[in-house]
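Q: A single structure is presented below for examination.
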Amino acid sequence: MKFTPAKPPLTGETLESLTARLRERGEPAFRASQILDWVYKKRARSWDGMTNLPKPLRTWLDDTFDLMPATLVLNKQSADVTDKLLLELRDGSLIETVIIRAPQEGVGQDHSRKTICISTQVGCAMGCVFCASGLAGLKRDLSAGEIVAQLLQVCYREDALTPRAHMELASFDNIVVMGMGEPLANYDALIRALTILNADWGLGFGARRITVSTSGLVPKILQLADEPLGFRLAISLHGATDEVREKIMPVNKAFPLAKLLPAVKAFSEKHGRMITLEFILIDGVNDSLEQAEKLRDIALDLHAHVNLIPYNTVEGLAWKRPSITRQERFADVLRARRVSVTLRREKGHDIDAACGQLRLKTEKERQVLAAAKT
């Protein structure tokens, strides 16, 4: 499921591929570095802004490439300073990118830790019953250029807040590939995008600060382990037994815990880095003390960090988050055995921040407006 645009996005080109295209038209190799410097370091918003390029070359670039394949159509900020960016692609598809700010321990309310969460697909085919992203199914994969464009749009937004100087992407602490879609189901585009994100000629963001999340595609986890850049891994677990996990995550039928956990352990041992286990707490589904004990045992075996996430309500779904008391009781089971655990507090609960929810809400509003015009 791919979209073929009239012009490919420049944000999907590597230094090598762009150099090859330029050489085909007789341009010197250094032009590729100049162009990418304009895109990622100087953040030119138009071809005419690339003033050290000859005009014929700028005309060719305009005819050949799409400089920015994503347009910001909505920016919602929550009371806890979580920003959700809704982006429109060339075919009208909508995707979400989230900026999460949180205070560091010991520095009060200075929101100094910043994370960007990016999407890899329009919709999702995994069918997790609690998730807004997959309610309308999978529409298509994102191209590498569309994935990278999300980071540039974040840069544009941050630049606008500090107009005296360009914001460095390195000022963000982490980039997590945990937005709409299953990242490892769009593997080739993902790796190309992360290569561009990491490269010195690209956005220059360290691989150790990039986390790829998956619902559990075992063959792709093992493939990711062989990637030379060494990205971090997070597993969307959400159930500590097959019985619970299969009820809410269909992927568990193909890759049950007996297959998933050894693959995760192999990844961890190869890279020597702590894995993160993502666990959305859903009232009456996976928030029992028995689930907490099973999760504790899994985390201890994998030497993993556990990220507990109270469920963000999704319109049209009956699931809800447990009480704060129940959340703390669950976390205490892990803490008692010194499992590294984070219990996430409000992060965008007031701005449709459940993954994919803002997109669905906007699409419904567009459909209503379109129907009203007919």
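One-based numbering along the chain as shown.
Using the three backbone atoms N, Cα and C, a Cβ is placed for every residue, glycine included.
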Q: Per Swiss-Prot, which one of SER213, SER288, SER323 shares the S-adenosyl-L-methionine site with GLY181, GLU182, SER236, LEU237, HIS238, ASN312?
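A: My reading of Swiss-Prot gives SER213 as the candidate in that site.
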Q: If you measure from the Cα of CYS117 (disulfide bond), which of the binding-site residues CYS124, CYS128, GLU182, SER213, SER236 is the nearest?
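A: The smallest Cα gap between CYS117 (disulfide bond) and any of the binding-site residues is with SER213.
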Q: For CYS124 ([4Fe-4S] cluster binding site) and SER213 (S-adenosyl-L-methionine binding site), determine the Cα separation and express it in whole Å.
A: 14
Q: Just how many other Cβ atoms lie inside 10 Å of the Cβ on SER213 (S-adenosyl-L-methionine binding site)?
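A: Excluding its own Cβ, the number within 10 Å is 20.
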Q: In whole Å, how far does the CA atom of SER236 (S-adenosyl-L-methionine binding site) lie from that of CYS131 ([4Fe-4S] cluster binding site)?
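A: Rounded to a whole number, the Cα-Cα distance is 12 Å.
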Q: For the C-alpha pair, I'd like the distance in angstrom between GLU182 (S-adenosyl-L-methionine binding site) and CYS128 ([4Fe-4S] cluster binding site), rounded off.
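A: Rounded to a whole number, the Cα-Cα distance is 11 Å.
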Q: Cβ-Cβ under 8 Å from HIS238 (S-adenosyl-L-methionine binding site), same chain, 6 or more residues apart: which ones?
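A: Expected: CYS128, PHE130, ARG245, ILE248, MET249, GLU278, PHE279, ILE280, ILE282, ASN286.
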